[in-house]
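Quick look at what TrEMBL lists:
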TRANSMEM  25-48  transmembrane segment
DOMAIN    41-289  domain 'G-protein coupled receptors family 1 profile'
TRANSMEM  60-78  transmembrane segment
TRANSMEM  98-118  transmembrane segment
TRANSMEM  139-158  transmembrane segment
TRANSMEM  199-220  transmembrane segment
TRANSMEM  241-259  transmembrane segment
TRANSMEM  271-291  transmembrane segment
Amino acid sequence: MGSFNTSLGKSFILVGFSDWPLLELIFFIYILIFYSLTLFGNTAIIALSRMDLRLHTPMYYFLSHLSFLDLCFTTSTVPQLLINLHGHDRTISYGGCVAQLFISLALGSTESVLLVVMAFDRYAAVCRPLHYTTIMHPVLCQALAIASWVGGFLNSLIQTGLMMAMPLCGHRLNHFFCEMPVFLKLACQDTGGTEAKMFVARVVIVAVPAMFILGSYAQIARAVLKVKSVAARRKAAGTCGSHLLVVSLFYGSATYTYLQPKDSYSESKGKFVALFYTIITPMLNPLIYTLRNKDMKGALWKVLGRATATG
């Protein structure tokens, strides 16, 4: 029996997808492709948001933060997964595991808060259009972005601290990265009090933001239905629809992973759900925002036009 605090010199074994050896090569190829697309798509959004003056608005300011989060979150897990799929060494040090747990949880928590901020931005744009520029002042936008990052990292610090104090039995993690639900499975003593505190923290960072977002979009839906202009309705539906789709993908998978009891959590299913929100969702976000957004597509074609003319 040991804990993080007493086993810093040892290591964990990440089982990953070794139970399906015939699929590992297929997983490696597809994950490498998806990871490359994630890096390219999210970097492109950040670059376009800075290069095109038309995108210097609160919506694209927060979208840049979301893209940066997706870049960091995916990079905190996927390289380790690719190494495990391609090689035979599936070990990760205790220090590396703690760092991966803290960073991935911090970035995921930050994204949860940031999506609330983005929902508030859409609420202000649709429901308070005449006061939008006053409400979403650059100073407030910066403060909301900073608050998202601070809140996310604070939540991770609390949960990782509680996790490190728990006694653990074994070093075999049935996952492809160090994630909270898998560690809870290794707890070898009655840790009901600690787990209850951690569950409350997860509810605060997952369920509460989701409820705020649903409330915001309920107000947005009411406002859109009152608009007489068909063009205005379509514009509101286009910008809000993209964000709502991202929200559904993120909170759907997060709810399955973090808001179910430890005893009912399936490690095998959890690995595939984790693939979805660590690889698929970050790759889809740029596509969702560019394909459904005229401003972003216009900025992209403008840059491509310049590159063609220069060439």
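From the backbone N, Cα and C atoms, a Cβ is placed for every residue, glycine too.
Within the chain carrying the transmembrane segment (98-118), a Cβ under 8 angstroms from the stretch's Cβ atoms is held by residues 4, 59, 62-63, 65-66, 69-70, 72-73, 76-77, 80, 92, 144-145, 147-149, 151-153, 155-157, 159-160, 163-164, 177-180, 183, 205-206, 209, 212-213, 243, 246-247, 250-251, 254, 277-278, all 6 or more beyond its ends. Against the transmembrane segment (25-48), stretch 271-291 shows more Cβ pairs under 8 Å than any other of 60-78, 139-158, 199-220, 241-259, 271-291. Comparison of 139-158, 199-220, 271-291 by number of C-beta pairs under 8 angstroms to the transmembrane segment (60-78) places 271-291 first. Remote same-chain partners of the transmembrane segment (139-158), defined as residues 6 or more beyond its termini with a Cβ less than 8 Å from a stretch Cβ, comprise 58, 61-62, 65, 102-103, 105-114, 117, 120, 201, 204-205. Below 8 angstroms of C-beta separation, residues 66, 108, 111-112, 115, 118-119, 122, 179-181, 199, 202-203, 206-207, 209-210, 213, 217, 265, 270, 273-274, 276-277, 281, 284-285, 288-289, 292-293 of the same chain, each at least six residues beyond the ends of the transmembrane segment (241-259), sit close to that stretch. Through the fold, the transmembrane segment (271-291) approaches residues 16-17, 31, 34-35, 37-38, 41-42, 44-45, 63, 66-67, 70-71, 73-74, 77-78, 104, 108, 174-177, 179, 242, 245-246, 249-250, 253-254, 256-257, 297, 300 of its own chain, all at least 6 residues removed from its boundaries and within a Cβ separation under 8 Å.
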